[in-house]
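Quick look at what TrEMBL annotates:
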{"type": "COMPBIAS", "residues": "351-364", "note": "compositional bias 'Low complexity'"}
{"type": "COMPBIAS", "residues": "365-374", "note": "compositional bias 'Basic and acidic residues'"}
{"type": "DOMAIN", "residues": "46-174", "note": "domain 'AAA+ ATPase'"}
{"type": "REGION", "residues": "345-374", "note": "region 'Disordered'"}
Amino acid sequence: MASTSKVPLQSRNLPWVEKYRPQTLDDLISHKDILSTLQRFISEDKLPHLLFYGPPGTGKTSTILACARQLYKDKEFNSMVLELNASDDRGIDVVRGPILSFASTRTIFKKGFKLVILDEADAMTQDAQNALRRVIEKFTENTRFCLICNYLSKIIPALQSRCTRFRFGPLSPDQMVPRLEHVIQQENVEVTPDGMKAIVTLSSGDMRRSLNILQSTSMAYGKVTEDTVYTCTGQPLRSDIANILDWCLNKDFNTAYNQILQLKTLKGLALHDILTEVHLLVHRGETSGVAERFKEIKLPAGHRLVQNFLCQHGFCSPPLPSGLPSSYPDHPAHQVGRHRVSATLIPSREINGSSNVSSSSGIGWRREPTRRSS
């Protein structure tokens, strides 16, 4: 028991995101131009107010914390740095309370400025941002502010103009893989090449998410493979996406719809994830016969899926009668309100007795009215 209590907290059940968080600017793996600029600000003692923005998991919070550790010693860190999450305390009271009281006081034994870190500042109300603008102006002499947000457009222009802005873009796979390999080696995790590729693909440049996926998959399954990664994250498997695409191309609408709905319900998949993976699979052309199939029907990828959905839900008009020319101007299908309608060819497999249908490679075509402003 005594030996267990002496084990550092980092060696126990600490999330890998915090366990392997960079502690210094040299530990950061990306955005070298931003880091060099910040390093010059610190060395010349000319740190301005900062505004970091960009998608999650790109190193914004880690960067400013590393700057704070370089500016202040451990014993004075708590008295010189105020870190707040603006999504928790997002109203004007937090500006008038903790921020104002911290920024308006000076330390006796330490020269220089204090540092206020406002994470997720885009969640602050507009009144709070307007109040913060005045606080930044008034206490610039002894306090520096660093605002961190995901969406720059949610920060009022008055705050943007008072800060030096830095955009943190998503990390590239070349930057993420070495860091993941370091964590894998330290934690002694068994990872296949396909598993590593799946982690990088699903994380989409988010280093925090990649570490969370790696940790959760290794703890749940032991071995990190492509299938275990997709299963652990609730993403559809490659085999499921291939089946869905096959059903859409080779089955009638009702059968394909029921099979996809059954698969989606049984595995708890999100429709957004299914559509995203189908789109990527079609454009990669990794499924045998898919490219040939689209060449056969002479349609862009996904066009038939959309058309079937629209027709099923009543957005497509019925075929024109065989005895009426398609160019007949008084046909009801050609008059929608004050808009004139022109005919557009749309594929259909089941068309009965329409003179406006031609056959090519077994695929029927019919004229579908599309709205056009007069």
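Cβ coordinates come from backbone N, Cα and C, glycine included.
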DSSP residue counts for the domain 'AAA+ ATPase' (46-174), split into helix, strand and coil: 56 helix, 26 strand, 47 coil
Segment-level pLDDT (mean, integer) for the domain 'AAA+ ATPase' (46-174): 86
